[in-house]
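Going by Swiss-Prot, these are the annotated features:
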ACT_SITE  E80  active site
ACT_SITE  D108  active site
SITE      R195  site 'Important for efficient shutoff activity and nuclear localization'
SITE      K198  site 'Important for efficient shutoff activity and nuclear localization'
SITE      R199  site 'Important for efficient shutoff activity and nuclear localization'
SITE      K202  site 'Important for efficient shutoff activity'
SITE      K203  site 'Important for efficient shutoff activity'
SITE      K206  site 'Important for efficient shutoff activity'
Amino acid sequence: MEDFVRQCFNPMIVELTEKAMKEYGEDPKIETNKFAAICTHLEVCFMYSDFHFIDERSESIIVESGDPNALLKHRFEIIEGRDRTMAWTVVNSICNTTGVEKPKFIPDLYDYKENRFIEIGVTRREVHTYYLEKANKIKSEKTHIHIFSFTGEEMATKADYTLDEESRARIKTRLFTIRQEMASRGLWDSFVNPREAKRQLKKNLKSLEPCADLPTKVSHRTSPALKTLEPMWMDSNRTAALRASFLKCQKK
């Protein structure tokens, strides 16, 4: 699973996920299913935001090839993927600027058009069940919830799906592709079955014990079969801006 994740996802997604897991004392090499789940969730958050802007009249527009002369602002602020301190700093800044109610938990996005925080969910289970779990945890009508599944289903607060149908279809297609590729490699069952995942976790722990201190050699080559999985949703300018925004505070 770890090899699949590193080949399947954008390197920046992988890097941010590793930092997030280490912040909570988790090891991507051991908890590989969680590694895959967090990478998937983070990519969906980026896809949700990509190409969506607000123009000088505060109207929402979609731009896939940037016009440098256009006065555009990204419609969504991406909060997911930042360390906790920086995430709360962004949330507090948004609340102070807009006057919206501060959430109890760190949300994933902020929508400048609708003036609301958004909680994104990606589930391997039934969307209604996961939606209720999210709603019960958040306990706030102010935070909008949008759930996606690997089977193409979705559910959102008051059936308000925020994005246009084409943008949501890109996300659903990507999730379905990830599912199919996992299944073709025999990874899907352990990804969705907690009992099988627990068995795999024990296996990972056992395999790491004898050689924990040995250096490892990592191959960054992408197999031909996985080249079709390379995410195409992030333009180079957006990637550079996001990398600078998320990672500049790592250096002292």
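Even glycines carry a Cβ here, placed using N, Cα and C.
Note that the structure is a prediction, hence the values are computed from the model and not measured.
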> For the active-site residues E80, D108, which Cβ has the most other Cβ atoms within 10 Å, all shown protein chains included?
Replying inline: D108
>> So if I draw a 10 Å sphere around the Cβ of R199 (site 'Important for efficient shutoff activity and nuclear localization'), how many other Cβ atoms end up inside it?
In response: 12
> Where R199 (site 'Important for efficient shutoff activity and nuclear localization') and E80 (active site) are concerned, what is their Cα separation in Å, rounded?
Replying inline: 29
>> Rounded to a whole angstrom, what is the C-alpha distance between E80 (active site) and D108 (active site)?
In response: 5
